[in-house]
Amino acid sequence: MLNNGGPRYKRSSLEKQMNQDVIWCVFILIFLCVIGAIGCKLWLGHYKDLAPPFKENDDTTEAFLAFWTFIIILQIMIPLSLYVTLEMCKIIQVYHIHHNVDLYDSAVDKRTECRALNITEELGQIQYIFSDKTGTLTENRMIFRRCAIAGADYNHPFLENESSASNGAVGHLSVAVNDQLLSDLRREAGGCDQGYCLSSGGGIGVGGACRGPAPPTHSARIQEFLLLLAICNTVVCSRHPHVDLMNASGIIEQPSMFDKREHSGDHTSSSTSQSLSMNDKYTRLEESRSVTPSPPLNTYLLDNKRKDSPTMNNYATPDSRQRQHVSALSPIDSVESSPTQEAVPSSATPTTTSTPIAAQAASKGQRPKLLNIPYFLKKGNNLTDEQKAKLRQQMQQSTGAAVPGTPSSYELKPIFEAESPDELALVDAAYNYGCRLLRRTPTSVTVETPDEGRLNYEILNVLPFDSTRKRMSIIVRHPHTKQIILYCKGADSTMLPQLTPVEDDSEQKVIISKTQQHLNQYAREGLRVLVMAKRVLTQHQYDEWIRRHREAEMSLENLERRVRDSYSSIEANLTLLGATGIEDRLQEGVPETLSSLISAGIVVWVLTGDKPETAINIAYSAKLFSPQMELLKLMARSKEAAENTIRCYLAEIERSMGEASASGDNRIRPSTSTNDIYDYSQKKNKTRALAVDGKTLTFILDRRSNLTKPFLRLTTYCNSVLCCRATPLQKAYIVRVVKEELKMRTLAIGDGANDVSMIQTADVGIGISGQEGMQAVMAADFALSRFKYLERFLLVHGHWSYDRLSRMVLYFFYKNAAFVFLCFWYQMYCGFSGTVMIDQMYLMLYNLLFTSLPPLAIGVYDQDAPYEVLLERPWLYRRGRVGRVYRPYSFWITMLDALYQSTCIFFLCQRVYNDTDVGVFEFGTVATTACMFVMLMHASIEMRSWTVLHVASIVLSIGAFYVYSLIYNTYCVHCFGLPSTYWTIQIAMSRPIYWLVTFLSCVVAILPRLVYRVTQTMLCPDEVTRALVSHKRAASREPPITGLSITL
């Protein structure tokens, strides 16, 4: 959580624009009040001779009081109720998004979470998306696919259960064992096996004819490589998972009842439990972390194609046989259904399988990680006596000794819990090759190796991973030789420079060269690569370093930098052991989602810490890049090279665009607006993609380099951008500069703690609830379970939210302004005295009761297009992306429309009732009725879809007005000492002129807007209207009649 920049309040672009228009409403109100005050002063000055006696005639004072009277009467101009209605709309929108079944992930039983209620409309205006890769675009289920040891490449084939794991059936996968690696591992020193020979160039190759004796230390190199995989991590292992005292029926059992389930014959397990209890504090600390459970045991060794391979018992040491547990490289039966169900080992016959056990285990539902009970602890064990006897016989054949009825704890695979799926995959790979991590405490780590048996290494120091060093190390003391050894693993870009310089013709130089070739090959295949190395330290070297390191830890200034420098000083002069390639598959639906988002005009940035070759390969697989795109690469090693490359790309792009314009395109080329630049390049059908590495980003983001603006201008010509080797702080900084320099609305999506700062910096932050904990979700505005849901989330719900709220806000401004202007026109006929022609109760209930439902119907349930159309045509998202519904001038058009309609209503009523004896309240009732009907008809024109709720909002508004008026005018004889409105509405409704005026007012006031909408739809429809017409035609088109053949 060091990358957490702290929470901040977020406001949508629509809300910011709305607040500006509310300020304009305040100015309009003040302007009307000033006009009213001036009119009052002029009126009193004109009739000064008719002033009432015994009263001081001060025109200025009366005008001042009139100003504040108009403030009270016309205060509806400031739409305070708009904020209440807006929040209600957002809350209901969030409710429907949360309960949308299309955003529900049944595999993990998670819905979309809306943690921020005030930026739903921002989802419809996103212009830039910044996405993490691991765990966001990928499954974050690491599969150990390839490794290079001492220059030799070992491939690991696919397992049969990997296809089911991609659908969420298995959390993590065991590694498929490589036969050649096993053969090289158990080969005795000096022997020459068919696979590992010294090549003519001094290198080590796999396969082919033997050119000389194999290096005697190669088997030891493999074992040391596997040892590094097993201990250079923070993986915690336990013999049994946590067991609660609640049974399946929800009954809390007594500890004694639970103890009866355990087999008393396993004394080793008891001793292990006692030793683990001694480190209870450390255990609780590790269990509190965000961890990843261990994968199921591997059944690859039981494949029929391995029938001819020799058993691994021959490779076990005498010491390991005396301990009477299964040899480290024995084939292992497994229960594939759950990572916490333990396997019963058997290795006497490779053809032996555990199908009955696996079948029974697969039929059982998995419980949560902390509630799982080991398979052999369950009551009755679900095994028949015949199955138990068969298992006992198999174990006797494999170990050559009698075994108790239940396998001992050291015959069972521990439960691994890792902070990172990468570490879990490495530990599991080492385990399957016999280098088994058995126990870890703060001061020691216990492993079991094929040649030395069980060893307890003393942990001297753990140098944790950080985004600057991009590596982690562990310093241990060998229990037998007492050597101090530093094991280190990390990114190739930071590990290879730390290797000890070697001569060009040395064997180590050849190994390094071949390993680099393998790393490039792994990266081209889209694998995540890590480099493994070690360093043997003398006691003097270690003592000197630990002294300096403790001084760095005690420093008060630049603590982090000094500690990091101390780590780097000991992580030098390393000896290369090998490299690994881990596969992290893309999530289901990621390519389709990214393709739709790019088609919608959204610029997608993927920020990853992977090697550039790996990231580019995955970008093509995820359809972030397409073969039709022109790929621009920024891989500079100096500031000058980065600057020259950027300027060269910009000059070439702008030159080609200028030539295309001169060759036949007469449109004006944009030069300032970022949106215009992007849309212009889209129209040219010239799509580009940009890939930049972390080193170049360091030069670009340095303010002293003045490369940020040219780089951002270059990105505006690209549909997608890929940033490789990016650190968490670089991610957040990129988001911030895009917001500040390009003025773009940004969305950041990630799943880990290193994405928190980026998520909080963006306008909209989305957290993926994946394998790396809930830090990203807790810091985000919204939470999704899978990346594929982002398509519907933005293109459907985001589009709807922006369109609905934009039209609702504009309608709210219109209806308030129209009513205020109606009251203001009356002041010209009452001497600007501040009198209104309707009762005060109508002024209070106007927004609260009479016109409150149509805005809700528009803001919550209106749809300008169904979701099928929006998903089929992603480019419709442009309507919200460029803000076409609520433009800066939309407010003034709305004000002019309200001014025109109020003028038509008032002066039509005035001309009809002129020179009559109608009372002021009856005149006001007619004008108010006509105004309400005009507003409802205006809302009907603005509604894009008609449902029962839309009709109900109109009908209930009319009903509320008449019901209240009839009741109020019936019983209110002397309401609060004010002039009476008794029986006013009843008298007005009994006269035909009331209905005639209402009808004429509606026609005259609404006709211009209606004609405009009809003309716009028929002659120049927008993209949404065209898409709806096309969709309707496609839906109504009858399928052709097949099966008929007519011959003339």
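Each residue, glycine too, has its Cβ placed from N, Cα and C.
According to TrEMBL, the feature ATP binding site maps to Asp132, Lys133, Thr134, Glu423, Phe465, Lys489, Arg528, Thr608, Gly609, Asp610, Arg725, Lys731, Asn754, Asp755. Sequence-distant neighbours of Thr134 (ATP binding site) (same chain, 6+ residues apart, CB-CB distance under 8 A): Asn140, Arg528, Asp584, Thr608, Gly609, Asp610, Asp751, Gly752.
Marked as region 'Disordered' by TrEMBL: 260-365.
Taken from TrEMBL, the feature compositional bias 'Low complexity' applies to 268-277 (among others).
Sequence annotations record features per position, and here TrEMBL assigns compositional bias 'Polar residues' to 310-319 (among others).
As annotated by TrEMBL, compositional bias 'Polar residues' applies to 335-344 (among others).
The annotation compositional bias 'Low complexity' is assigned in TrEMBL to 345-363 (among others).
Annotation comment: TrEMBL describes 777-1021 as domain 'P-type ATPase C-terminal'.
Long-range Cβ contacts of Arg725 (ATP binding site) within its own chain (separation 6+, distance under 8 Å): Lys470, Ala491, Ser493, Thr608, Gly609, Asp610, Lys611, Pro612, Asp693, Gly694, Lys695, Leu697.
Cβ neighbours of Asp132 (ATP binding site) (same chain, under 8 Å, six or more residues apart in sequence): Val606, Leu607, Thr608, Lys731, Ile749, Gly750, Asp751, Gly752, Asn754, Asp755, Met758. Taking all protein chains in view, 26 other C-beta atoms sit within 10 angstroms of the C-beta of Arg528 (ATP binding site).
For Phe465 (ATP binding site), applying a Cβ distance below 8 Å and a minimum sequence separation of six or more within one chain yields Arg471, Met472, Gly490.
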